Amino acid sequence: MFLFKKSYLIYISIFVVLLSLILFPKYTFEAATEGLLLWANIIVPSLLPFIIVSNLIIHLNLVKYISFFFKPIMRVFFNLPSVAGYAWVLGMLSGYPMGAKITGDLLHQKLITPIQGQFLLTFVNNVSPMFVLGFVSTGILDVNTQIGFLLLFILYLSSLITGFIFRFVYGIVYSPNFEKHNYTLVQSKKSFLEIFDQCIVDAIDLIIRIGGYVIFFSIIVCLAQAIPFQSLLFKNFFLGIIEISNGISLISNSPTALETKIVLINTIIGFGGFSVHGQTASVLQNTNLSIPKYIFAKSINGFITFVLTLLFFLFTAI
């Protein structure tokens, strides 16, 4: 019965979107154009190189050498094998949805177990420094770099706290024998050029799928702006929950205090937005990892981000 209602809701939603595309072609065209420009000008140049390099590292079995340096953190705080540190670090450096993508790759390579992969998703899929320092703090809010670094610190701290909490939820137990087995993987028999070509093809396929989600959710945000709200700020926050880039821009233009804007924007970034969750589902579609469980963890992460950001501004003035 639940699955029937869920499918019914999906069909209605698709019909509403299709009808809106027909009735409001001008607005949907503008929204799609904005989404396309966001993808082409920001996402492709910032994310595509990371995806190609990450694919190479995975296929050439170089993860174990890079992950060695993160073994103490992963072992002590999260009871995870050292390879999890690779997903954590690259997830921070390259942003959504690379943390999830690498988690899926590690699972396919049998470097982590399914339960470890589900747990890893709770804290490795994060926003990039470029997005917070460049797009948000400098481009949107027009605040000094110190505020940008503060927001970034709170976001990463929140993700670690979330991960530490879910360590006990999932009952993660460290297995040294499993990690030792990870280091005996068979090297690929393909030449480097063949591997490199395949990495490029896989990266382009992924970046195009991400672009589709960005454009689609840009249209959804455009259509959702027609929904009446008593509070403009709450409306913009709601739109940010759908798609973070558009929502952040709308909140920044709201007639409210800068501190309030920053708290709401950081909360949205901590949650990720359903556009990002759609991208995450796309990169994990060939795994058995649960997207609802991932979204629940990101909701907890968003709440922790909200509390930490609010506490900072309660005791500190900009």
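Each residue, glycine too, has its Cβ placed from N, Cα and C.
Annotation comment: TrEMBL describes 6-24, 36-58, 78-98, 119-141, 147-170, 206-227, 263-282, 294-315 as transmembrane segment.
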Notebook entry, point to check: Looking at 147-170, 206-227, 263-282, which one has the highest count of Cβ pairs under 8 angstroms to the transmembrane segment (78-98)?
Noted result: 263-282
Check: By Cβ distance under 8 Å, which residues at least 6 away from the ends of the transmembrane segment (147-170) in the same chain are close to it?
Finding: 77-79, 92, 115, 118-119, 122-124, 126-127, 129, 132-133, 136-138, 141, 262, 265-266, 269-270, 297, 300-301, 304-305, 308-309, 312, 318
